[in-house]
Amino acid sequence: MAYSEKLIDHYENPRNIGSLDKSSEDVGTGLVGAPACGDVMKLQIKVGADGLIEDAKFKTFGCGSAIASSSLVTEWVKGKTIDEAETIKNTDIAKHLALPPVKIHCSVLAEDAIKAAIADYRAKTAKKAE
Amino acid sequence: MNVHTQIRRNDQPIYLDYQATTPMDPRVLEAMMPYFTHQFGNPHSRSHSYGWEAEEGVEKARGQVAKLIGADEKEVIFTSGATESNNLAIRGVAEFYKDRKNHIVTTVTEHKCVLDTCRHLEQQGFEVTYLPVQKNGLIDLDALRAAITDKTVVVSVMAVNNEIGVIQPLAEIGKICREKKTFFHTDAAQAAGKIALDVEAMNIDLMSISGHKIYGPKGIGALYVRRKPRVRLVPLIVGGGQERGFRSGTLPTPLCVGLGEAAEIAMNEMEGEAKRLAKLQARMLKGLQDHLPEIFVNGDLEHRIPGNLNISFAYVEGESLMMGIKNLAVSSGSACTSASLEPSYVLRALGVEEEMAHTSLRIGLGRFTTEHEVDTAVEELVRHVKKLREMSPLWEMAQEGIDIKSIEWAAH
């Protein structure tokens with residue numbers, strides 16, 4: 001299978017690998033996928049006092065397309081508000097990386113991962129406000 | 001003579017996929033060449049020397065194949081490959097004896113061409129028993145004995161598995177089949193030329209062989225069909241009645257000659273080559289185990305051809321690993337590249353958990369594999385597995401002592 005240069009670049013030089021402190025109040029963590037399906041993504045965002053995502057980290061168990069998709073979205077969400085980050089669509093990811101049809105699910109998973117991280121962050125802040 | 005010359009170009013990856021196919025041995029190509037040029041005759045032409053010379057080449061090859069498996073040359077017919085041989089053996093026998101018998105016994109880890117043939121026969125009204133395998137990939141002989149009935153026409157059990165390289169107990173299976181008066185077919189595509197095979201000692205009635213798995217050409221295979229006691233088959237391909245009527249069509253002389261030569265070389269060099277490969281296999285495994293925790297060999301390590309390793313690298317998805325090890329040509333145990341995302345049915349049949357099945361690679365060693373290539377492969381695998389584990393959320397959880405099975409994953 002021929003992959004795009006962008007995809008290979010993200011696979012070979014993944015951006016923002018790592019973990020943030022998941023117990024921290026300004027960190028939202030999304031963990032999606034399942035080991036049995038061959039894909040698990042953990043995506044974390046750290047939201048600053050100004051409401052902008054100041055850092056994002058990921059770890060992914062999955063094929064090259066899954067790794068590239070998650071690497072790409074960590075780049076995209078940085079500097080965005082969580083509302084803006086929420087609008088990232090899997091089709092944008094798939095298009096940017098030129099994912100082959102059998103790999104579209106990787107971009108869907110990456111979108112789910114951002115949404116899950118945002119939801120986790122929102123749940124934490126809502127709890128704090130109570 | 002044993003040629004361990006490098007046959008790949010320097011810009012090609014190291015070939016470690018010998019169960020998928022093998023390169024042709026240069027000696028095989030040499031033997032074939034005259035039959036592409038001057039000796040082009042139709043081996044079935046009886047009226048001139050072109051035909052006679054081609055026939056001589058084909059019959060010599062038939063003898064070479066027969067010798068490899070302890071058969072008589074009259075019992076070997078040429079086919080297009082192991083897929084055709086498996087189709088012909090199982091369908092041919094089932095259809096010929098269908099008035100008296102309607103049951104087939106096979107195993108769940110057979111090659112797709114055996115399983116699909118059996119599915120096809122099920123649609124025709126035959127009954128098929130798919131024997132499970134044990135954790136080590138071998139069948140349980142008591143289960144086999146229990147599965148055979150007086151309606152069983154054939155038992156088809158592969159000699160060596162194409163994914164995990166395990167060797168089934170052929171002699172014991174043959175003995176049971178003979179006692180129970182049912183035919184024994186074995187798909188020996190991965191076994192011929194690698195392990196000693198003897199159709200007499202093992203009571204084998206039908207055996208499939210592939211050319212391109214034994215350093216011969218693609219597009220040629222053979223089927224051994226026992227004459228005493230006679231095994232009858234309904235042919236798949238009819239016409240001129242060549243190959244004892246089992247397989248019509250003009251024989252591809254150069255391919256037959258190539259298969260014959262490949263069989264003879266494999267037989268002459270089997271012992272030394274098996275020892276050499278066993279050393280390389282051990283070297284590869286030790287190299288990996290010395291540097292990587294949590295790797296697991298799938299299938300029995302003892303009852304296994306030395307040219308195969310199937311390893312699960314826990315917490316690293318197989319396809320991403322293959323993408324990293326660009327300099328190595330291996331295949332993934334997981335069929336993740338297919339849209340189904342189903343991991344290997346063979347590994348699943350061994351009871352390998354799905355998440356583990358997704359982390360496996362099949363590494364095939366063969367005649368042209370060198371120690372240096374093994375060392376390079378180990379180094380590259382270790383480097384990439386470590387890198388991908390650093391990237392793996394599952395590895396991180398495992399390091400933190402979190403049981404991955406305790407998490408409720410959303411299947412997608």
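Don't overthink the numbers, they just go from 1 along the chain as shown.
Yeah, the Cβs are placed from backbone N, Cα and C, and that goes for glycine too.
When TrEMBL records B:A82, B:T83, B:Q190, B:S210, B:G211, B:H212, B:T250 as binding pyridoxal 5'-phosphate, the matching candidate from B:N102, B:N136, B:N162, B:N298 it lists for that site is B:N162.
Residues listed for pyridoxal 5'-phosphate, B:A82, B:T83, B:N162, B:Q190, B:S210, B:G211, B:H212, B:T250, cover a largest CA to CA span of 30 Å.
The binding-site residues under consideration are B:T83, B:N162, B:Q190, B:S210, B:T250. Their Cβ neighbour counts within 10 Å are lowest for B:T250. Separating the Cα atoms of B:T250 (pyridoxal 5'-phosphate binding site) and B:K213 (N6-(pyridoxal phosphate)lysine) is a whole-number distance of 23 Å. Across the fold, the C-alpha of B:N162 (pyridoxal 5'-phosphate binding site) and the C-alpha of B:K213 (N6-(pyridoxal phosphate)lysine) stand 10 Å from each other. Mean pLDDT for the domain 'Aminotransferase class V' (B:14-375) in this predicted model: 96. Each of the recorded positions B:H212, B:K213 was scored by how many other Cβ atoms lie within 10 Å of its Cβ, and the smallest score goes to B:H212. Under the DSSP three-state reduction, B:A82 (pyridoxal 5'-phosphate binding site) is assigned to helix.
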